[in-house]
Amino acid sequence: MDLSLFSDAHSLGWQAAQLASPNPPVGAVIEDPSGQVVGRGFTQAPGGAHAEVVALEQAGEKARGGRAIVTLEPCNHTGRTGPCAEALIRAGIRRVDFLFADPNPIAEGGAATLRAAGVEVHGPYLPNPTTSPAAKLPAWSQMYSVEPWLISEAQQRPHVCLKMASTLDGRVAAVDGTSQWITGEPARVAVHEDRTRRDAILVGTGTIVADNPRLTARDADGRPFPEELQPLRVIMGTSDIPAGAAVFATPGRALHLQTRDVHEVLAELWKRDVRTLLVEGGAQVAAAFVKADVVDEVQYYAAPAVLGAGVASLSDSENNLGQTIGDIRRFVPRELQVFGQDLRWTLTAPGHTP
């Protein structure tokens, strides 16, 4: 299966990753009848135009008789905006290719509407990760911007990405607690860029006490990204947070959830329209999310270094993750990227059930 035609739309979709939430971050490309790209778009903030409409407005009359390439089935619902399927029909689009089907019972049915109007429709090209094991998606295939949203919708909780960074022997800090820096600057820049794609970022109270992080998303020069790209900063745990902690002293949204129950945290964040959550630690918190079986994605940064002793990336002292090889938790490799001298693995859970 050749998915290269979705490459441009895929890149556009990531630009909407936090902007569009709680709506899906969709990318769309419009080609004229000769196959030339005449319109590009991605989902705007809630209440704004959807990806297809943005691309159609850019294309104008050149869209007539052309093709739309979209990462998610065009919606068939009138809410704060009109149905994208109808917009494509009015624009005279001849063919629509879409990557994933829309599972939302309110918005689904766009493909059927398009076909009924005589539009040639191709899709879905990939199985929905919420109804088919993730292992059925192409091995080593890129992550698509709409995947976390699909999983979040099906699970009715935020999509959880666990970020880990360690030495080759799995250490996140030395014996004396020092940890800055295990990975190099290019990897740290990548982490901050990824924060801009998430609705919320979470750490435990232990991380706040030990490291006093700001938990903001910053560029390579250390300047904060615009406010609309800053994730909600979430602290989980029952311990007190020191007065003047940077996470609350820094401008932006921050929230302390005084619980150690992972499911309680996810339920509260779902109520707050959080659809994507980046869990950054510490080791006890990471283990708690793994034990709760809610980790949908792992981003693991490996530094080409060895400490020999120190703090492990996952602390099992309270979570009893497993006692035998039969308890092993496996993930599906999707991408392997290089940032400076460090490697980043992106992996997904082996399956999801609605």
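Each residue, glycine too, has its Cβ placed from N, Cα and C.
Curation plays no part in TrEMBL annotations; they are all automatic predictions.
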Residue from GLU108, GLU120, GLU280 that TrEMBL also lists as binding substrate with SER179, LEU215, ARG218: GLU280
Residues ALA165, TRP181, ARG195, THR207, ASP211, THR238, GLY282, ALA283, GLN284, VAL285, ALA286, ALA287, ALA288 [recorded NADP(+) binders]: greatest CA to CA distance in Å: 28
Pairwise Cα distance for ASP211 (NADP(+) binding site)/GLU280 (substrate binding site) [Å, integer]: 12
Chain-internal residues, separated by at least six, CB under 8 A from SER179 (substrate binding site): VAL172, ALA173, ASP211, VAL311
Where GLN284 (NADP(+) binding site) sits in the secondary structure, as DSSP reduces it to three classes: helix
